[in-house]
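Asks: So Swiss-Prot lists these for the protein:
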- CYS48-CYS103: disulfide bond (DISULFID)
- 28-117: domain 'Ig-like C1-type' (DOMAIN)
- 1-23: signal peptide (SIGNAL)
Amino acid sequence: MFLRSTFVAALVACLAYIHLGDATEAMPKVQIYSRNVGELGKPNTLICHVSGFHPPNIKLQLLKNDVEIEGAQQSDLAFHQGWHFHLTKSVAFTPKEGEHYSCKVEHSTLREATRFTWTPDM
């Protein structure tokens, strides 16, 4: 599975670079949310979805109290017409009082790594 994902990501990146003249640089639109209503103490899935970005090189990290959460799964890099890309990263979690969850995004269009915070639906 890892080799397949790596191959697909490399292929998409190569295709994007071949067609650089067809795309313009674009910042990622970032959405961080939970699969179910965010309730403290209830198992859930934390999701970070980034879309509309170019070039394709991007790094996503799901964080709990500013520390990367182990075991997160990442989708294959995909693109829309105009060579704008989208990617999703998710992980199982059980939110507790006092914990802070965020998605850290690194992309060439951002001056620095940027954190986007998840807020429970209370």
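In case you wondered, yes, glycine gets a Cβ from its N, Cα and C as well.
Computed from a predicted structure; not experimentally measured.
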Asks: Would you mind pulling the DSSP three-state label for CYS48 (disulfide bond)?
Replies: strand
Asks: For each of CYS48, CYS103, count the other CB atoms within 10 A of its CB; which of these disulfide-bonded residues has the top count?
Replies: CYS48
